[in-house]
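K.L.:
Shown below is the structure under consideration.
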Amino acid sequence: QINLSVIRQYVDYLVNEQNVKNVFVNGTTGEGLSLNIQERKQLAEEWMCQGKDKLDHVIIHVGALSLPESQELARHAAAIGASGIAVIAPFFFKPTNKGELIAFLQKIASEAPAVPFYYYHIPPLTGVKIRVEELLDGIKEQIPTFQGVKFSGTDLLDLAQCINKNKREQLAFLYGVDEQLLSALAIGADGGVGSTYNYLGRKTNLMLQAFAKPDLALAQKYQFLTGEFLNFVIKLGFGVAETKAVMTFVSGIPMGPPRLPLVDASAEFIVKAKAKLDSIVWPDGD
């Protein structure tokens with residue numbers, strides 16, 4: 001079941017401990033697609049309520065397999081004042097070309113005509129491999145609120161072409177593969193949306209600062225150490241359940257078990273992951 005009571009503590013932890021002031025609600029890590037419509041609305045409302053005056057942006061993922069459900073979630077997000085909405089490609093009956101995907105996205109975006117709209121590109125999970133470079137060509141004419149992309153793919157050539165071609169549009173390109181964020185920043189990504197920032201947000205912000213200076217050697221140190229941890233846990237088997245377990249032992253906030261078909265992280269994973277994270281010596285001395 002969803003646990004709304006921890007969200008206030010969660011917001012305070014992100015802001016005060018991790019220096020994270022922007023959240024992406026009901027996405028992959030939040031198991032948004034395993035929740036029913038009512039649960040997704042309740043979570044969106046609670047994040048908006050608890051984040052008021054504390055968070056800068058609350059982007060709500062409203063994608064669903066059912067177009068009417070997605071439209072309902074978009075209207076709801078607009079009604080509660082979300083900073084933006086995002087939608088993944090439908091992944092059972094899949095769009096097979098750019099025209100079909102844009103038509104689907106447009107039907108959702110038009111239900112929230114004053115809310116910035118983001119396409120959530122995550123081909124490893126959706127199986128929809130339509131290149132974003134192709135998708136963006138002419139998209140603003142059909143979706144005037146189109147603001148950018150959460151790019152959770154590893155094709156940095158595609159991302160680079162998007163950034164290079166759309167500089168004048170002032171679109172936001174937010175990268176979603178945490179272990180490769182520095183690579184994406186180097187080709188012009190505006191920031192990242194990812195699961196590790198729940199517990200490594202402060203470290204990632206230090207990496208962003210180092211990159212902006214620019215102190216590439218320091219930025220690399222942070223990226224390599226994040227990668228070292230992720231490389232270790234990926235070999236153990238690292239998914240949403242394990243991410244919840246790591247966030248629980250780092251923050252002390254109970255993230256709870258995942259919903260089936262995902263199963264809880266093993267005790268062995270938790271012991272090994274904690275030991276690995278504790279062993280890392282970060283450049284800031286922590």
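FYI, residue positions are counted from 1 along the chain as it appears here.
Placed from the backbone N, Cα and C atoms, the Cβ positions cover glycine too.
TrEMBL does not curate its annotations; it predicts them automatically.
For reference, TrEMBL lists these features for the protein:
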- Y120: active site, proton donor/acceptor (ACT_SITE)
- K150: active site, schiff-base intermediate with substrate (ACT_SITE)
- T29, V193: pyruvate binding site (BINDING)
K.L.:
Can you name the residues of this chain that are 6 or more positions from the residue listed as 'active site, proton donor/acceptor' yet have a C-beta less than 8 Å from its C-beta?
P.N.:
G27, H61, G63, A86, V87, I88, V149, K150, S152
K.L.:
Could you check the recorded positions T29, K150, V193 and say which one's CB has the fewest neighbouring CB atoms inside 10 Å?
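P.N.:
The recorded positions T29, K150, V193 were compared, and T29 has the fewest Cβ atoms within 10 Å.
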